[in-house]
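Asks: My structure is below; once you've seen it, I'll send some questions.
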Amino acid sequence: MTLKEALGKVVGRRDLTREEMTRIMGLMLAGEASPAQVGALATALKMKGETEDEILGAAEAMRACAAKLSPRADVVLDTCGTGGDGAHTFNISTAVAFVAAGAGVTVAKHGNRAVSSRCGSADVLAALGVSMERPHERVARDIDEHGVGFLFAPSHHGALRHVAQARRDMGFHSVFNLLGPLTNPAGARYQLLGTFDGKRVEQTARVLGRLGSRRAWVVHGHDGLDEISPCSATQVAELREDGTVHTFTVSPQDAGLDVVPREAIAGGDAEENAQRLRALLDGERSGLRTAVLLNAAAALVVVGLAADLRDGVRKAEQAIDSGAARNKLSALIEGGLS
């Protein structure tokens, strides 16, 4: 199938097969599509509505192009979400990565610089002193030796440069926004994945299962957050080890936590968020701590280190208050200096 044939099919509101989408995405990532073609296809897919097979095929093509790592650990967690919820909150999933690592989880945090917010995971980590120029073998050592590593998306997904201009020109969410959490270069098979689109929660969990993930929670707050919201109930699609997907809702109260106001988790620029992340890992009590405890608890449930959210909160609190989570951040910073 050619790009023109694919575009004609999608414009006619016909779905691409998994194999067709893999081929077309492969052509785009190889630089064989013009920005106009990339933008037209992404727009047509969005207007039609991307199917499970189309997202799966696109993710498989992107995984095939990635610079991969192979951590020694069997259980590896990613907390990467789609971003793009427009809420401009603090980097909750980034903080969760260090808390989970402090609790004993091996974490391969996939992330990028900000797209729609003021500060993405790469921005806050760079402000903290984590190098974005780490060689891949150094990142692999971070994961194996320290239990946490940061996989800077542009370093591992260089082929995305071929679609970058079209994505900037489009200015809206497209299939590309869905792919980051589905294409962890370390092959993490356990995930806490927040999505900006509540309609995609169950679909995304099914795609993860077909991609080989073992367990995952895909979450979307009823208030629109692409996290487990500390401010409201949250929709969850849980991928279980048998491949089944179960949906339910959770609330802060389920974890023994109080609801916090949205302003408690508002984000700032990279320097401000870096200061707040340090304070959080130093044990500061705040609404932000509540948000991180709630999401870290879910991460611990996903990997099997916590029986339920309340148990997860207790273990996340211990990881922070013992200094273990802070030590994980310090190790990542110091590792980039060696």
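Heads up, the Cβ atoms here are built off N, Cα and C, so glycines get one too.
Quick paste of what Swiss-Prot says about this protein:
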- GLY81, 84-85, THR89, 91-94, 109-117, SER121: 5-phospho-alpha-D-ribose 1-diphosphate binding site (BINDING)
- GLY81, ASN112: anthranilate 1 binding site (BINDING)
- SER93, GLU227: Mg(2+) 1 binding site (BINDING)
- ARG167: anthranilate 2 binding site (BINDING)
- ASP226, GLU227: Mg(2+) 2 binding site (BINDING)
Asks: Which entry in the list of binding-site residues, THR89, HIS110, ARG113, has its Cβ near the fewest other Cβ atoms, using 10 Å as the limit?
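Replies: Counting other Cβ atoms within 10 Å of each of the binding-site residues THR89, HIS110, ARG113 gives the minimum at ARG113.
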Asks: Taking only C-alpha atoms and a 10 A limit, tell me which of ARG167, ASP226, GLU227 are near GLY81 (5-phospho-alpha-D-ribose 1-diphosphate binding site). These are the binding-site residues.
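Replies: Final answer, ordered: ASP226, GLU227.
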Asks: Could you tell me which three-state DSSP class HIS110 (5-phospho-alpha-D-ribose 1-diphosphate binding site) falls into?
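Replies: SS state of HIS110 (5-phospho-alpha-D-ribose 1-diphosphate binding site) = strand.
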Asks: What's the number of neighbouring CB atoms sitting within 10 A of the CB on the residue listed as 'anthranilate 2 binding site'?
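Replies: So the number of other Cβ atoms within 10 Å of the residue listed as 'anthranilate 2 binding site' is 19.
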Asks: When the number of other CB atoms within 10 A of each residue's CB is tallied over all shown chains, which of the binding-site residues SER93, ASN112 has the maximum?
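Replies: Highest number of other Cβ atoms within 10 Å: SER93.
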Asks: How long is the line from the C-alpha of GLU227 (Mg(2+) 1 binding site) to the C-alpha of HIS110 (5-phospho-alpha-D-ribose 1-diphosphate binding site), rounded to the nearest angstrom?
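Replies: If we compare the Cα positions of GLU227 (Mg(2+) 1 binding site) and HIS110 (5-phospho-alpha-D-ribose 1-diphosphate binding site), the gap is 15 Å.
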Asks: Would you mind reading off the Cα separation of THR89 (5-phospho-alpha-D-ribose 1-diphosphate binding site) from ASP226 (Mg(2+) 2 binding site), to the nearest angstrom?
Replies: 10
Asks: Identify which of the binding-site residues ASP226, GLU227 has its Cβ surrounded by the largest number of other Cβ atoms within 10 Å, counting every protein chain shown.
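Replies: Ranked by Cβ atoms within 10 Å, first place goes to GLU227.
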Asks: Looking only at DSSP and grouping its letters into three states, which state does ASP226 (Mg(2+) 2 binding site) belong to?
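Replies: Going by the DSSP assignment, ASP226 (Mg(2+) 2 binding site) belongs to neither helix nor strand, so it counts as coil.
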Asks: How long is the line from the C-alpha of ARG113 (5-phospho-alpha-D-ribose 1-diphosphate binding site) to the C-alpha of ASP226 (Mg(2+) 2 binding site), rounded to the nearest angstrom?
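Replies: Answer for this pair: 16 Å between alpha carbons.
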